[in-house]
């Protein structure tokens, strides 16, 4: 449990705008948090429809580990933000359930299928330890930088997730979830640049955060466009351009 002393130490000497939920940048971030919840709901709904999980395995493990830390371990001086953390955590329990319920049967690599549950457990535990030790060593306020590092891993993983699921009938792929993730992360990216800058004025720069957030946005945009084009093509009953190209490659090689 977070103590009053921990919260006081966190906010002591900090520009009050940083933790004011009604600061304009925090309002943008809070809207982003709502988009994240909506993204989770779309992913979960698609997962139950397709009997699949809607996020990459490593992303689910790392994300769940971070949400556990943010909800129950790391102090947060803003009750609204802490509420978002816990909503994410409990919603993410359903995503973890889908991973455990449907995940093993979707694995194409025999070794991953055989050791699926130990892989999930070890990835989650090691991810949690890594995130917490990063938070301690680098004074990562509210574990925000750690969250965006996980987010970048998630975004890149989604590209490979798309290529894999495209050959499994698109199971678990959700167009609205992709766009809501993009909007949610865009909102929280704007917010965190101001929160971290105001709360940690001793930092020489925010260049790493700039890089991570810009990379997430570009990769999220790529993924959202890819999934949208694939879904539109599938709705018309045809093949996507990538699938057509893959069919032509063996023919060209044979020729």
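Every residue gets a Cβ built from N, Cα and C, even glycine.
Feature annotation from TrEMBL assigns transmembrane segment to 24-43 (among others). Listed by sequence, the residues of this chain that lie at least six past the ends of the transmembrane segment (24-43) yet keep a Cβ under 8 A from its Cβ atoms are 54-55, 80-81, 84, 87-88, 91-92, 95, 172, 174, 176-178, 180-181, 183-195.
According to TrEMBL, the transmembrane segment annotation covers 55-74 (among others).
Using a Cβ-Cβ cut-off under 8 Å and counting only residues 6 or more beyond its ends in the same chain, the transmembrane segment (86-103) has close neighbours at 36-37, 40-41, 43-44, 47-48, 51-55, 57, 60, 63-64, 67-68, 70-72, 116-117, 120. Per TrEMBL, the feature transmembrane segment maps to 86-103 (among others).
Among residues of the same chain six or more beyond the transmembrane segment (115-135), those with a C-beta under 8 A of the stretch's C-beta atoms are 57-58, 61-62, 64-66, 68-69, 73-74, 99-100, 103-104, 107, 143, 145-146, 149-150. Taken from TrEMBL, the feature transmembrane segment covers 115-135 (among others).
Long-range Cβ contacts of the transmembrane segment (141-163) within its own chain (Cβ-Cβ under 8 Å, at least 6 residues beyond either end) map to 10, 55-56, 58-59, 62-63, 66, 69-70, 74, 76, 81, 127, 131, 134-135, 173, 178, 185, 189, 192, 195-196, 199-200, 208-209, 212-213, 215-216, 219-220, 222-223, 226-227, 230. Marked as transmembrane segment by TrEMBL: 141-163 (among others).
The transmembrane segment feature in TrEMBL is assigned to 175-196 (among others).
Marked as transmembrane segment by TrEMBL: 208-226 (among others).
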Outside the transmembrane segment (55-74), six or more residues from its ends: residues with CB under 8 Å to it:
43, 82, 85-86, 88-89, 92, 95-96, 99, 103, 119-120, 123-125, 127-128, 131-132, 135, 142-143, 146-147, 150, 153-154, 157-158, 160-161
